[in-house]
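Taking it in order: structure first as structure tokens, then the write-up.
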Amino acid sequence: MDLEKYIFMYAKKVNLLNMNKEELLIFFDKLGEKPFRSHQIMRWIYHYYCDDFNYMTNISKSLKERLKQIAEIRAPIIIKEQLSSDGTIKWAMKIDEQQIETVYIPENKRTTLCVSSQIGCPLGCSFCGTAQQGFNRNLNVSEIIGQVWRAAQLINLNKKIKIKNNRFPITNIVFMGMGEPLLNIVNVVSAIRIILDDFGFKLSKRHITLSTAGIVPGIEKLKNMIDIPLAISLHAPNDIIRNKIMPINKKYNINSVLEAARRYSMDTKSNHGRITIEYVLLKNINDDVLHAHQLAKQLQGIPCKINLIPWNPIPNIRYACSSQIRMRAFLKVLLKYNIVTIIRKIRGADINAACGQLTGEVINRINLQYNSL
């Protein structure tokens, strides 16, 4: 079917943020345009943060008029901004009538954007604020890449943040926001391809990290789709504890998750094959030195580093953060096993932007059965 007839029939414009370079090539080919048009459009979108065809000076007037009829460049809208005392920024972005949250973390020579992949999350981890919100749906490509685009656009417009003209102001992107990325793997990987593309944001693979609670089939799929650093949200040294705090462990237990991580490490080159293990420290739950010994033994033979994460308070969740003494004792044990381990610095806790605190606003919750994951 002719592209413009299709759009006329369904009365819906094509959002160009949903398309990677290959898809844009097909799109412009169907319009009878040369392949270089896709490159021009991508430069305007991702290098100049332009969402108005009228300002694209090297696009012909006739093509501009045609694009205005059938296409749009539409990213999520920021409806609220919160600034932490440590410089972290949290943006609430509107998706339909719901909200997702995206976090910008500036450091000395590094800036990290924490991106969401779903509206809510279906996994129900008992210590996580996102899980308490329930789950509505996966984000599409434009809603994922749109978070990056909107953040970069806003930062470049902010004269208080020193950025060279039109330079991409983000050095690292982590898929650690709302949702489980591997349950939305097709859209997430498509968005990552745009981030990596020279006509997109031109970020290096080693500066993107995807975090998963351990969706084993997703880990296997990911390594065949794209080679990027992987983080495993483990949070327990054994199945007894993990079953209690992470229900997904009843579907994919620790052994199966770590075996998938081991294979990912062997079959990928990003981050030199090293996996990041994330471990939130919950007082009197998983923070004993015996747990540290168990964890170290579980990780034997897997090239990895461990991020120990102080638990951040979340309303209506009855956990507490480990004491500094217990955290340091836990760290000391892991270092004795020669495992690279750090205690992650808390950022953005005063605006509920720290690890596990993102909630957004989820309506029309959907219950997913674990056998469908």
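For all residues, glycine too, the Cβ spot is worked out from N, Cα and C.
Since we're looking at a predicted model, the values are computed, not measured.
According to its DSSP assignment, Glu101 (active site, proton acceptor) is in a strand. The active site, proton acceptor annotation in Swiss-Prot covers Glu101.
Summarising the annotation, Swiss-Prot assigns domain 'Radical SAM core' to 107-350.
DSSP classifies Cys114 (disulfide bond) as strand under the three-state reduction. Annotated disulfide bond per Swiss-Prot: Cys114-Cys355, in sequence order.
Annotation for Cys125 ([4Fe-4S] cluster binding site): spatial neighbours Ala131, Ala213, Ser233, His235, Ile245, Met246, Pro247, Ile248, criterion Cβ-Cβ under 8 Å with sequence separation of six or more. Marked as [4Fe-4S] cluster binding site by Swiss-Prot: Cys121, Cys125, Cys128.
The S-adenosyl-L-methionine binding site annotation in Swiss-Prot covers Gly179, Glu180, Ser211, Ser233, Leu234, His235, Asn312. When Cβ atoms from all protein chains are considered, those within 10 Å of Asn312 (S-adenosyl-L-methionine binding site) total 21, not counting its own. Reduced to three states, the DSSP call for Asn312 (S-adenosyl-L-methionine binding site) is coil.
The feature active site, S-methylcysteine intermediate is assigned by Swiss-Prot to Cys355.
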- Query: Which one is it: of the recorded positions Glu101, Cys114, Cys121, Cys128, whose Cα lies the shortest distance from the Cα of Gly179 (S-adenosyl-L-methionine binding site)?
  - Reply: Cys121
- Restricting the comparison to the recorded positions Cys114, Glu180, Ser211, which residue's C-alpha is spatially nearest the C-alpha of Glu101 (active site, proton acceptor)? Cys114
- Message: Let me check the 10 A CB neighbour count of Leu234 (S-adenosyl-L-methionine binding site). How many other CB atoms are there?
- Response: 27
- Here the recorded positions are Cys114, Cys121, Cys128, and the Cα closest to that of Asn312 (S-adenosyl-L-methionine binding site) is found at Cys128
- Task: Run through the Cβ atoms and count how many others sit within 10 Å of the one on His235 (S-adenosyl-L-methionine binding site).
- Result: 26
- Task: Can you tell me which recorded positions out of Cys114, Glu180, Ser211, Leu234 are within 10 A of Cys121 ([4Fe-4S] cluster binding site) by Cα, answering none if there aren't any?
- Result: Glu180
- At the Cα level, what's the spacing in Å between Ser211 (S-adenosyl-L-methionine binding site) and Cys114 (disulfide bond), rounded? 11
